[in-house]
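The next block holds one structure in the form of C-alpha cells; read it before the comments.
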Amino acid sequence: MKLSPIIVALDYSNPKKAISFSKKISPDQCQLKIGHELFINSGFFLINFLQKNGFKIFLDLKLYDIPNTIKKTIFSLAKFGIWMVNVHASGGYNMMTAAKDALSHINNPPKLIAVTVLTSMEKSDLSKSKIFTKIINHVIHLSNNAYKCGLDGIVCSPWEAEKVRKKFGNNFIIVTPGIRFKNTNYNDQKRVMNPYDAIKSGSNYIVIGRPITKSSNPYLLLEKILSKLNNI
C-alpha cells in the first residue's frame with residue numbers, strides 16, 4: 001500500500017498529549033514523527049502505543065557521533081520496528097556507512113536518511129560555520145555523500161528538493177520539513193514552502209507539525225490536504 005506523503009511532527013513534550021492527538025486522526029492519513037524532547041519524555045512506550053494503533057514512526061533523532069557508536073545505536077533502534085530513522089550527513093562518510101552497515105543485520109530495516117541543512121538555517125548561518133557556499137551546493141554535496149553510502153534518502157528544505165531529485169533520481173527519498181500554509185506563522189523556519197508546491201518540487205514526504213497539531217480538527221485538515229495532493 002502506498003504511504004501518505006504527509007508526516008506529522010508530534011511537537012509535544014507530554015506523551016499524553018501526543019496520544020490524545022493520535023486518537024483524532026487515522027494511520028492512513030499520515031506517518032508520525034517523534035523528536036528529541038518527546039522521545040526523552042516517553043521512551044519506547046509511546047512508539048509501541050502508536051505502532052499498535054497502526055501508525056508508522058519516523059524517529060527524528062538526527063544522530064551524530066563516531067562511526068562505532070552510531071552503528072550500535074542504529075542497530076538497537078532498528079529492533080523496535082520503526083519506519084524511518086535519521087543521522088546527520090555532516091557526520092561524514094564513515095559514520096553514514098557504519099549506520100547503513102548496522103541495518104544489514106536487521107530484517108525489515110527502517111528507512112535510513114540523512115539530514116543535510118536544517119530548515120531553520122540560511123546562508124549567513126553556514127558562513128558562521130566557515131562554509132562559504134550556497135545552501136543548495138552544500139545540500140547537494142551532503143546528499144551525494146549519503147547517496148554514495150547507500151542511504152535511502154535525505155532531509156532538506158523544499159527549496160532544494162527539485163535539484164536533489166533531478167541529480168539523484170526517483171528512488172532517492174526526499175523528506176522536507178519547513179512546510180507552511182499561506183498566512184501562517186513561520187515560527188523558527190526559514191526555507192519554507194506550501195505542501196503542494198513541495199510535492200511538485202520532488203518531495204516524497206512533507207513534514208507538517210504545528211499547523212496540524214494545533215488545528216481544531218486535524219482529521220478534516222489532513223483530508224483536505226490529501227485531497228489536493230491527490231490531484232497533483
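Every residue gets a Cβ built from N, Cα and C, even glycine.
Swiss-Prot annotations:
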BINDING   Asp11, Lys33, 60-69, Thr119, Arg180, Gln189, 209-210  substrate binding site
ACT_SITE  Lys62  active site, proton donor
For Lys62 (active site, proton donor), the closest of the binding-site residues by C-alpha position, picking from Asp11, Thr119, Gly209, is Thr119
In the three-state DSSP scheme, Pro67 (substrate binding site) belongs to helix
Cβ-Cβ distance under 8 Å, sequence separation of 6 or more, same chain as Pro67 (substrate binding site); the residues meeting this, in order, are Asn94, Met95, Thr97, Ala98
